[in-house]
């Protein structure tokens, strides 16, 4: 009966109903947002259930326990309840039971939902696993959390303290799990073995012991460690409950009104008379007084003080951890850029938003909470002034938070002897905190007009969910404006500052000022003045309100249109929709003979200061088929606008504006070997409302235009299709059979695909102070009309990925056997020379080993921090400024990462842009995995065997962690898709193979596929390499080669290094 | 001074809190009587512009304050039935805070008025103590002090004597009488005697309606009826106005044209008798066993 009574209370509380909605929604989002093709459903279920338990249980128990256990004091019911004939122990136990039963039931329903969603996706319903997870992990965890809650309530802690403790448990657990290498949390590593041991025994959720097996490549199981952990937790739970129930002194009620002896009446005042004094309105002074009181209340709140102190510690810890980190084995001399970038764009942006929500909520309901709301609301202070005081107080708190951030990062900088820069601090903090202030405006507006606290919190949290999660993407309505009060601003770097996104900042801030401003005015008109009662009889749809709503909506609509002009795929229009429509409408062109591009004559004019470039392309097409070509399809991706597009001897018969496809009909059909010119003219303008991204950027500090996908393609372009089969199905296009290369190319075959190579001639102009770069050899450069011109010409065909760049950095060059190598960077000549040396070593190695490749000059360019750390195009290598030009080896590194990176990207001229292209169904083995092999060889050559061992050990550990983290089924090296397979596993496999057979058989095999499959022969497949290698080694090695290259890459096979028992002869023949 | 016209309010749970309220409130002290849940607090909050009515208007010297609430707020002193205070603020600091909100920004005037009100409410000695630490009576006196800040023309006080000891209660009465000469003081209380002693006008409210409103002396003149005090329970229970006890002995106040029994003695009619009469008319239980 008593228990039922508790549930009767619970189910009358809005928070409980809110949790009934949120928890299942959260679990559904978790389940929907993970997995896909080739997912290990058992492993996925373990991850999802573990994530749900660790993330949801503390929050659920914390929220409900505040409601259930502290309600007597919160609502001044203590005396009434305490007077009932139910013992304190009994009352506490009943409430403990209600809390536990409710939390267990709710979380179990959420776990079942996950299992059902996976069941629908994979076809296997893992009921027994779900029940085991509930019994072994959920049950003891909830019992422990509930015990902590009743202990806190028995010690008379208030609601805030309880929330603070559970928030600390939540955050603390995530931090500890991350430091003990939890495979659930991306990026976690084992920081300390003692911590790991402690977590195995004392993890409140028991997940560390359970998931340890996955880190070793085994299946997770309920073993003795798990059971002991659960036993310890249950014992601890019992002890906490015992302590809570056996207090020496009975709990006393909290009361706002402490009864004291009444003050004696002072007779001398008895005759004091009341005199009238006139009043005068002084809004500024009233605003100042209200703001001061509001700020005092926030600052004097102990929890806020704790948060601000904790903030400094958090920022310091985050900034100092890895302030000088560039990449493994590599560090930089840190600056304020690095320190501020480490905290501002994630810690400050995300946690800062939560703090803003908390503070604005505190301010909005301060009067109500203090029960002074009616006095304040009845005073002659306008609602505008009341709201204004909240804005001022929040602004002041944000300034304090900014100061706390600056203190934390400055301490970290001082500790690591970083280059501290005040100007950068002012710039970065201003840019990062202004959006937080705008967000505060949204929350203040919500609280001002929302009469129910819970609804106000719910709406504010919904704003955060929309802003920070992929919720809208899941609904298929991704849009930059869902980043409420946000801007596309991305972190600045030392090469180009905020050039990637700085231009978009002011327009977005302006838009949000107008929109949030009108929302705030509307909320002031609808203000309940802190009373939670309606004080305004004006209809919501009054003309004044309608004007405000229309103004806000019109601002958003205009912004949407401006965004749409710069980026076609926002809102309901997605790239996938375009791709699916393209495939549905034009895939039949795949069967229609089409000419191929064999030469590109390009005139490219960069205007970096205006963020634009003009491109004039003359493409020579030829008919390589035996059939006559009468119609030609020429199309651009999405909405790339072409000012001019014409085909010789052809008329434009159809133009599909939506899919940007042009259909030409030739006056005279093209016969075999015949050629035509396709001329295209267009302007590329850097979008000002989006952050710059690869691979089209035109900025004064760095300009780079890759032809794909803005240069039109001829015929149906299969690369435009959606690749993910689940997404294909969702958009109504057939699945593409995804057989692995090891199956497709198991046997030698001729029809595997064809090379798409062209010769390129480019004349590139830029501002006089810059250098333009293109593929091929630089044959001429001159200056006319304050512009610098550069003419490049490829000596032979290269892979058809044209690219043009402009950089303010002068080149440092060297020449190797007629091939010019150049480095364009803002770094010192010494660093440039180091890269030239690495490039030269790589080129030499290939030349020495008989793999000649005529791709012309090779240019290495420093690129700002815009995504990849390295990227190779034919004849061009881009390397991130931080890792390539600021970084240097740390004291423990046996080699230089800059050398490894340059070798890797240079090797792509052979593996990737030599062979490794032209075969649609092959994966990245011939590109990335072979480049990893070259890394090993050249690092050993330059730094010795120990350096290779250090690198391979690192790659092995990286593989182990990521394999444990990954829910996809393991693939072989040939079929690898994940980066940790094609990179890390490749290093380990090739190192193992080198140790077993040496380099020569591998080089011989590479020679075979290079010489038999280089352009214009039939392109190589990854299985061609396997066959060549097996041929080199003889039949005895077939099984070993299959084991290394064709067996699934598991932790067992990679981390637990197994050597072959086979012996390889000392000499061999090609 | 204040004209209430056809005021209606229905809460979302269906409670009809105000039913076509029409009242003309002149300057002076006006008492509002009614049982719990009669709608007194709703009416007072509506007059204080803290919540809106569904229909109707409230005119303050001709200005509809439901549309221009600031006109009311600039002249209002309000003491709600229940109120709290900010933590960590002394009595003087909180009065200062309220004074500024009421537009008293001149430091000298502020200080003078606060000192005056502290003395008037007998809080001078605890002016620098935190209000959260006050006893119930002191807390209430603080509420009265803040209501009087700024010399409001209209005072709305919901149960102002709650928690006050007899002397403090008397002091408040004296003060209210003193300040109500040219102001409107609207007083809501369950202590009918207070209204009878203090107010010139009174209104009786039941189930959201004003069932009687007039000068207090007019309310007391019930035509052709006498009130009797007797120890014997009359046969006609409907004639019983109220049952009270004196030193443990039960006594009945009976309304009757004739003497109900020989021991019954005729007494003067009080506002409480009139209030009980209205309760009986509306079918309320008058707690007569």
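One-based numbering along the chain as shown.
Every residue gets a Cβ built from N, Cα and C, even glycine.
Quantities reported herein were computed from a predicted structural model and do not represent experimental measurements.
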Please identify the range among A:280-300, A:385-405, A:574-594, A:595-615 that TrEMBL labels transmembrane segment.
A:385-405
Matching range for TrEMBL feature annotation, transmembrane segment, among A:72-95, A:96-119:
A:96-119
Cβ-based contact of the transmembrane segment (A:385-405) with the transmembrane segment (A:303-323), 3 or more pairs under 8 Å:
yes
Within the domain 'Peptidase M1 membrane alanine aminopeptidase' (A:902-1036), count helix residues (DSSP H, G, I), strand residues (E, B) and coil residues, in that order.
93 helix, 3 strand, 39 coil
So which residues does the transmembrane segment (A:131-154) touch in its own chain, when a touch means Cβ under 8 Å and the partner is 6 or more beyond its ends?
46, 49-50, 53, 57-58, 61-62, 65, 69-70, 92, 95-96, 99-100, 103-104, 107-108, 111, 161-162, 165-166, 169, 204-207, 210, 222, 226, 230, 233-234, 236-237, 240-241, 243-245, 247, 251
Go through the chain and flag residues at least 6 beyond the ends of the transmembrane segment (A:458-485) whose CB is under 8 A from any CB in it; none is fine as an answer.
18, 29, 32-33, 350, 353-354, 357, 360-361, 435-436, 438-439, 441-443, 446-447, 450, 512, 516, 556, 559-560, 563, 570-572, 574, 689-690
With the transmembrane segment (A:45-70) as the reference, find which of A:15-33, A:194-215, A:546-563 contributes the most Cβ pairs under 8 Å.
A:15-33
State the non-local partners of the transmembrane segment (A:546-563) in its own chain: residues 6+ outside its ends, Cβ under 8 Å from one of its Cβ atoms.
479-481, 511, 514-515, 518-519, 521-522, 525, 570-571, 689-690
